[in-house]
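Working notes, beginning with the structure itself.
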Amino acid sequence: MSDFFAGIPAVTYEGPEARSDFAFRHYNPDEMVMGKRMEDQLRFAVAWWHSFAWEGGDPFGGPTFQRPWFGDTLDHARAKADAAFEMFRILNVPFYCFHDADIRPEGASFAETTANLEAMVDYLGQKQEASGKRLLWGTANLFSHRRYMAGAATNPDPDVFAYAAATIKTCMDATHKLGGANYVLWGGREGYETLLNTDLGREREQAGRMLQMVVDYKHKIGFEGTILLEPKPQEPTKHQYDYDVATVFSFLSEFGLQDEVKMNIEQGHAILAGHSFEHELALAREFGILGSIDMNRNDYQSGWDTDQFPNNIPEVALAYYEILRAGGFDTGGTNFDSKLRRQSLDPADLIAAHVAAMDVCAAGLKAAARMLEDGELEQRREDRYAGWRAPSAEAMLNGGKLEDCFAHVMETGLDPQPVSGGQERLEALVARYL
């Protein structure tokens, strides 16, 4: 057990009037929301990288955090795990997520790095068994090391492709051994800086082949979790191939993988792509590929991925509304891909930030459930398209021809007039539930 969070009590639900930073006002794990316990609807997870591996640096300055587990040995990695599971206990979160590089030290060779990962997987397995905590998803860091500066799957060097594939295998093995519910692929540097030295077609084929290899290996080892792709439009490269949900679905369809792979959608990445979070979730729901979410927020003025903790209940409510419309999470969940500001140095800051974020999500979920159960918003949406239920409209949609439409307009003197969309009234309706 770690003493890093000494003096911080286990966080429990105390109700809306609670004033402590270490009490839940809205998140009550056992409260029933649309037929499920709130814990089972939200499926909260802590991100290992931001909470325990990030050192507080930025492009203009070095680390600001001084954590006792910062170091390059297995002892440091085990100390980090001890602190992590103590935090999971305090917050009573059921899940966590990691990249391989977050949980193990880098070795002098691939074999040594793999051995370090295997040692830490054994240690995390012991921690899981003792605590009851579970792995929501694992993934491979294929972007930090200099070998990946031109990408991993899309690298012009086949040796880098092979090294990345081998690394993914070790991470899938780790995720499988720990009972992970999903395996995530984020194309950290799968993109380009300039078209002057880029073969777009070749790199797309390479990315498709890598993903097919991942799917094949999933079935070979009997991994029953979901393979998830995470879209992001830019940063760190100028243009990322996995730009947004629509782009990734096109990619999956091209390689026949749309029934094998779903999406892990991040709020901050949606904003970078010029979309709202709910837009990306709704589109993934329509495509049948909504898998899991990374919950955070961006600074709307800065223009880059700030990974702040969520604090906007109306935004979060609209996101969970789309998730509930999809039937809720299956293997996915709500991972806090969120980090402290570099001036927030204290252990208590890390706990308080997650407590507040969990409350925001719980409040948003309850508002979303009220909207969906009430049914008025869906009824108004349905009414807007009522004309399409007419037999003539259905026939037009299911096999109509341009010449038939032309004849109909000419014969009837058709002159359709616009109907109000009522957006302001719909926004007022949504506000009633918040």
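Any Cβ shown, glycine's included, is placed from N, Cα and C.
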Identity of the Mg(2+) 1-site residue among D199, D294, D305 (reference: E230, E266, D337, source: Swiss-Prot): D294
Spatial neighbours, same chain, of E230 (Mg(2+) 1 binding site) - Cβ under 8 Å, 6+ residues apart: V184, L185, W186, G187, D242, M263, N264, I265, E266, H269, D294
Rounded Cα-Cα span from D337 (Mg(2+) 1 binding site) to D305 (Mg(2+) 2 binding site), Å: 11
Distance check against D337 (Mg(2+) 1 binding site) for the recorded positions H99, D102, D307, keeping those with Cα within 10 Å: D307
Candidates H99, H269: member of the recorded positions with the richest Cβ shell (10 Å): H269
